[in-house]
C-alpha cells in the first residue's frame with residue numbers, strides 16, 4: 001500500500017512537472033517574442049537617433065547661416081546710418097546754400113529744404129536698418145544655440161538607440177534560453193510522469209494479495 005501511495009504521489013508529481021514544463025515552454029516562447037520586439041524597438045530607436053543627429057547638424061548649419069546673415073544686416077545697417085548722416089550733412093549744406101542763394105531765387109531755398117527732409121528721412125532709415133541688423137544678429141546667435149542643442153539631442157538619441165538595440169539583442173538571447181529551459185522542463189515533466197505511472201503500476205502489483 002505504501003508503494004501504491006508512493007506511485008500515486010509520483011504520478012501527481014510527474015503531472016505537476018509536466019504542467020510546469022509546459023508553463024516554462026510558453027514562458028520561453030513569450031520571452032522570445034519579447035526579445036524580438038525589443039530588438040525591433042532598439043533598431044527603431046537607432047534610426048530615430050541617427051535622424052535626430054542629422055536634424056541637429058542641419059539646425060547647426062542653419063544657425064550659422066542666420067548668424068552670418070545677422071552680421072551682414074548689421075554691417076548694412078551701419079552703412080545706411082553713415083549714408084543717412086552724410087545725407088543729413090548734405091541737406092544742411094543745401095539749406096545753407098539755399099539761404100545763401102536767397103537772392104538767386106526762392107526755388108533754391110525750397111530745394112534745400114527738400115534735401116534736408118530727405119537727409120532726415122535717410123537718417124531714420126539708417127537707424128531702422130541698424131536695429132534690424134542687431135535683431136538679425138541676435139536671431140542668428142539664437143539659431144546657433146538651437147542648432148547646437150539639437151546636435152546634442154541627436155547624439156543622445158543615437159546613444160539611446162544603440163542601448164535599446166543591445167537590450168533587444170540581450171532579451172532575444174534570454175528568450176531563446178528560456179525556450180530551451182521550457183523544452184527541457186517539458187521533457188523532465190514527461191519523464192517524471194512516466195516514472196510516476198511506473199511506480200503506480202509497481203505499487204498496484206505489490207498491493208495485490210500473494211497467492212499461496
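Glycine residues also receive a Cβ, built from the backbone N, Cα and C atoms like all the rest.
Predicted automatically and left uncurated, TrEMBL annotations should be read as such.
What TrEMBL says about this one:
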TRANSMEM  6-27  transmembrane segment
TRANSMEM  39-62  transmembrane segment
TRANSMEM  68-89  transmembrane segment
TRANSMEM  96-118  transmembrane segment
TRANSMEM  124-146  transmembrane segment
TRANSMEM  158-181  transmembrane segment
TRANSMEM  187-206  transmembrane segment
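With Cβ pairs under 8 Å as the measure, the transmembrane segment (68-89) is packed most heavily against 124-146, out of 6-27, 96-118, 124-146, 158-181, 187-206. Only residues 6 or more beyond the boundaries of the transmembrane segment (6-27), in the same chain, are considered here, and those with a CB under 8 A from a CB of the stretch are 178-179, 181-204.
Put simply, of 39-62, 96-118, 158-181, 187-206, the stretch with the most CB pairs closer than 8 A to the transmembrane segment (124-146) is 39-62. Within the same chain, residues 24-25, 27-50, 52-53 sit at least 6 positions outside the transmembrane segment (158-181) and bring their C-beta atoms closer than 8 Å to a C-beta of that stretch.
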